[in-house]
Amino acid sequence: MSFRREKFIEFGGPDGGNGGNGGSVIFVASSAVNTLLYFRYNQHIRAENGKAGSGKGKFGAAGRNRVVEVPVGTQLYDEDGNTLIADLNNIGQQYTVAAGGRGGIGNAQYKSSTNRAPTYFTYGTLGEEHCVLLKLKIVSDVGIIGMPNAGKSSLLSRCTASKTKVSDYPFTTLEPHLGVAYANGCELVLADIPGLIENASSGAGLGHKFLKHIERCVILLHLVDCSLPDIVSAYELVRQELKLHSQELAGKQEVVILNKCDLLSEGEVREKQKLLESSTKKEVITLSMGDELDSLIVFLHAQVKKAVVTEPSDTSFDPFLYVHYNKK
């Protein structure tokens with residue numbers, strides 16, 4: 001509230017200006033970041049307050065928005081983690097997490113023919129304050145799936161420069177790993193998904209935690225260990241878990257590879273290849289440790305281009321993190 005006070009002006013009248021609106025907290029999906037690590041150390045995010053109005057009818061400046069870049073594939077849930085608020089799938093997509101408050105109204109705005117000197121004004125409103133849960137799903141061109149010890153991490157390491165842990169025991173991979181493969185001008189992002197076991201769709205093994213990451217892959221690369229006594233059952237077990245998780249996941253395009261063929265004779269490999277092709281009704285590729293992979297990368301790149309790409313492939317795995325956003 002303010003009144004004009006100048007020499008020789010007896011009845012200056014009200015001249016209090018309005019306050020500025022507060023800034024908002026806005027999330028923008030960006031390819032410049034690929035983890036949620038920033039929020040581990042910045043759990044409270046505030047935008048700038050609006051400035052107060054002043055005399056001579058001066059309006060206060062609006063507060064600057066706080067724009068925070070997040071990886072493509074970031075999902076925002078309510079505090080309980082049950083309700084999806086926003087899904088930032090595309091570069092440049094944005095969501096206002098907490099809107100800024102409205103500025104107050106100065107007494108000059110209440111001047112009228114019946115009230116030439118109003119002595120009242122309106123306070124501004126508080127900005128929004130929210131506590132949300134961030135989740136990040138892997139987004140890749142090719143998701144490498146299969147049972148534990150099928151050779152997924154070894155294949156990723158050979159195709160890319162990804163330094164994933166490789167050992168001869170189940171569940172060596174405890175979190176998804178990404179790698180970028182290059183061959184003959186083709187670029188491909190591959191994700192090594194931890195092995196799936198029976199009842200993975202119900203949370204057994206590492207299932208529940210990582211089945212959701214496969215949803216963001218364009219196509220699936222299904223590895224089957226050639227040395228297993230029953231390769232058909234091994235293949236069908238993984239397929240069944242995909243179906244139980246979601247029909248959308250089970251309907252993704254799939255390339256089947258019979259891996260570790262160097263452990264068997266050529267005759268045994270051909271026999272198992274025919275058996276698996278007969279069961280899956282798909283062409284099965286055989287792969288040994290010493291095989292060159294450029295042709296495989298080019299082939300997978302062509303399959304990705306044919307598939308309907310609905311999501312970008314430019315992010316990485318990160319644990320779920322609680323982040324508290326507020327602006328007052």
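Note: Cβ is positioned from N, Cα and C throughout, glycine not excepted.
Database features, via Swiss-Prot:
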type	residues	note
BINDING	146-153, 171-175, 192-195, 259-262, 290-292	GTP binding site
BINDING	Ser153, Thr173	Mg(2+) binding site
DOMAIN	1-139	domain 'Obg'
DOMAIN	140-309	domain 'OBG-type G'
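The Cβ of Ser153 (Mg(2+) binding site) has 22 other Cβ atoms within 10 Å, all protein chains considered. Taking the Cβ of Gly146 (GTP binding site) as centre and 10 Å as the limit, one finds 25 other Cβ atoms among all the protein chains shown. Under DSSP, Lys152 (GTP binding site) is assigned to a helix (H, G or I) in the three-state scheme.
Per-residue pLDDT, averaged over the domain 'OBG-type G' (140-309), rounds to 79. For the recorded site, Lys260 (GTP binding site), the DSSP three-state label reads coil. For the recorded site, Gly146 (GTP binding site), the DSSP three-state label reads strand.
When DSSP labels each residue, the domain 'Obg' (1-139) comes out as 8 helix, 44 strand, 87 coil, counted as helix, strand and coil in that order. Between Gly146 (GTP binding site) and Ser153 (Mg(2+) binding site), the C-alpha separation comes to 11 Å. For the binding-site residues Asn149, Lys152, Pro194, the largest tally of other C-beta atoms within 10 A is found at Lys152.
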